[in-house]
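Undergrad: Sharing a structure below in structure tokens format, with a few things to ask.
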Amino acid sequence: MELDPDRLLTAAAAFPPPEGVHFAYGTAGFRADASILDCAVFRAGIVAALRSLHTSSTIGLMITASHNPIQDNGVKIADCNGDMLCQDWEPFAESLANAHNPRDVLQVILDFIHKGNFFNSAASSGRVLLGRDTRPSGVRLLNAARQGVEAILGVDAAVMGVLTTPQLHWMVRASNRGHGASEQDYYSQLSHGFKCLLEMKPPGKGLITPWDGFIVDGANGVGASKLSRLQGIVKDLKLDIRNSGGEAEGLLNELVGADYVQKERKFPRHFGHLSELAKRCASLDGDADRIVFFYGEQAEGADAMNLRLLDGDKILTLFAMFIQNQLQELCSEVHEFPAINLGVVQTAYANGASTRFLKENLGIQVALTPTGVKHLHHKAAEFDIGLYFEANGHGTVLLKEEFLQVLRTFSPKSGTEGSRRSLQRLQAISEVVNQGIGDALSVLLLVEVALQYMGWSIQDWDSIYTDLPSRQLKVKVQDRTLIKTTDAETRVTHPLNLQAAIDVEAGKVSSGRAFVRPSGTEDVVRVYAEAGTQEEADSLARAVAIHVHELAKGVGAPP
Ligand code: 16G
Ligand code: MG
């Protein structure tokens, strides 16, 4: 590769940094009020271009602020496998975003190259796919990203337009594997896998409950229109899409979307009719990389409806059961099939009831990682089939390339027609899931399939286990980075004595469990508690929050 300093300096001069702002590379890139983001996005374009040269492959750059309000925006980079930017590059991206002027930008790049992070053998040409969600600031910021990419000699910026985040990740992955990588190819692959799975349903399955489709909250974001395109292709899926971003429907992420439903436990706007709410409902987030499911249940002795939430833990459990069933059918009859390592990955936020169910009822190994999709994704990639979900609804299924190869080439010598079908079903599953990143559209299809195979209504699915009552609180402290954790954030090592205090509090309630961690997206310490009853979970969370406030220099009144 060859750097053209003049080209870079001239391009960088058009994107001066905003005064007094420090950009931190958060869990998934840079995010801020859209009015101050041009410089950071331009420079993220440079990072994506260099990454493309370094890996000799196509890279993606997405303009979105996910579930944040409409006036915010952000930028995320998709790496060559369609997953998130390799973590070794995050400090570089952050230093570049915070360089004071064009000369410093050049210097940060040269330092990075000289430190050996950049091979001399890097390619001389590269390509970055650019996508954006529906935010009004997206057009301007995508242009800034394009200029950043083009500031690096030899790298092309391909503007893919309005996409969901997972669609862009999918395109990067497909393109680097030499597969068709257009938006149409995405719909074709997902719908093909879905159709095959429905066709291969064992006899008698899927007829127990009438399949009424889903009422879907599109969060007034990009997911709504993409889902409606998917629906045009997938004939067997009935969807009633609301909050699709029309003028009369409201603003992106305002009182709608997966984050709102999961955190507030409230119905999104335009889900008001009591008679409908017993039906299957789903909610996407603003860039459609998360989904949660829900339905309404008549509250005892009241007119109101309670919201019953089926979060990432429930989706994970459903998928684990569905995939395990396929494997069991296959392995019980096709004896020569190699042993398969199936595992699931959760974070400490996973409800204890889900973890227990997965381990004890299904006998599946459960790994825990710190919060943040990148951690879960990498852990899940270690299994032949690895499933991961955060409770907030972000997750997917990963099938190792070697395992897929076995599926493609294996020809069973024993077993029934049904067990052979399991092989094909696993292959079809790999078409429906997005192996780059969690994808609301793909998860919706797989949930429909899994429910039909199980013959379950949403209420049946909900009842596989009962969540332990939980409570989350936030504590404001002087410096949240002083809180240090270990064991996938389940234990605190600093401040000293805090863990001992948490242990004592957890021991005072039935089935008590609590942990604290500094947030990666907000200036607070988060407290999570669960226990046998809601009162106990509430009191445990409060007691732990008070200890955090005392031992970690809380700001303001104790919680
Ligand atoms: C980000 C993460 C999400 C995580 C959340 C935690 C990605 C794509 N998103 O939204 O996975 O659950 O941060 O936020 O990684 P917190 O650190 O403020 O609790
Ligand atoms: Mg999102």
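Just so you know, glycine gets a Cβ as well, placed from its N, Cα and C.
Just so you know, TrEMBL annotations never went through curation; they're auto-generated.
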Undergrad: Select one of Ser66, Ser95, Ser463, Ser470: the residue that TrEMBL places in the Mg(2+) site alongside Asp285, Asp287, Asp289.
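TA: Looking at Ser66, Ser95, Ser463, Ser470, the one TrEMBL places in the Mg(2+) site next to Asp285, Asp287, Asp289 is Ser66.
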Undergrad: According to DSSP, does Arg526 (substrate binding site) sit in a helix, a strand, or coil?
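TA: DSSP assigns Arg526 (substrate binding site) to strand.
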Undergrad: Counting Cβ neighbours within 10 Å across all chains shown, tell me which of the binding-site residues Pro518, Gly520 comes out on top.
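TA: Result of the Cβ crowding comparison: Pro518.
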Undergrad: Applying the under-8 angstroms CB criterion, which one of 55-87, 311-456, 492-545 scores highest with the domain 'Phosphoacetylglucosamine mutase AMG1' (181-292)?
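TA: Answer, by Cβ pair count: 311-456.
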Undergrad: Go through the binding-site residues Ser66, Asp285, Asp287, Asp289, Glu390, Gly520 and pull out the ones with a Cβ less than 6 angstroms from some atom of ligand 2.
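TA: With ligand 2 as the reference and 6 Å as the Cβ limit, the list reads Ser66, Asp285, Asp287, Asp289.
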Undergrad: Going along the chain, which residues at least six beyond the ends of the domain 'Alpha-D-phosphohexomutase alpha/beta/alpha' (55-87) come within the CB cut-off of under 8 Å?
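TA: Hits for the domain 'Alpha-D-phosphohexomutase alpha/beta/alpha' (55-87): 28-35, 37, 40-41, 44-45, 47-49, 93, 122-123, 126-133, 135-138, 141-142, 145, 149, 163, 165, 168-176, 219, 222, 251-254, 257-260, 285-287, 289-290, 373-374, 377, 434-437.
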Undergrad: Can you go through the binding-site residues Asp287, Glu390, Gly520 and pick out those with a C-beta less than 6 angstroms from ligand 1?
TA: Glu390, Gly520
Undergrad: I'd like to confirm something. Which of the binding-site residues, Ser66, Asp285, Asp287, Asp289, has a Cα closest to the Cα of Gly520 (substrate binding site)?
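TA: When the Cα distances are compared, Ser66 comes out closest.
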Undergrad: Just checking, which of Asp285, Asp289, Glu390 (binding-site residues) has the fewest C-beta atoms within 10 Å of its C-beta?
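TA: Sparsest of the binding-site residues Asp285, Asp289, Glu390 by Cβ contacts within 10 Å: Glu390.
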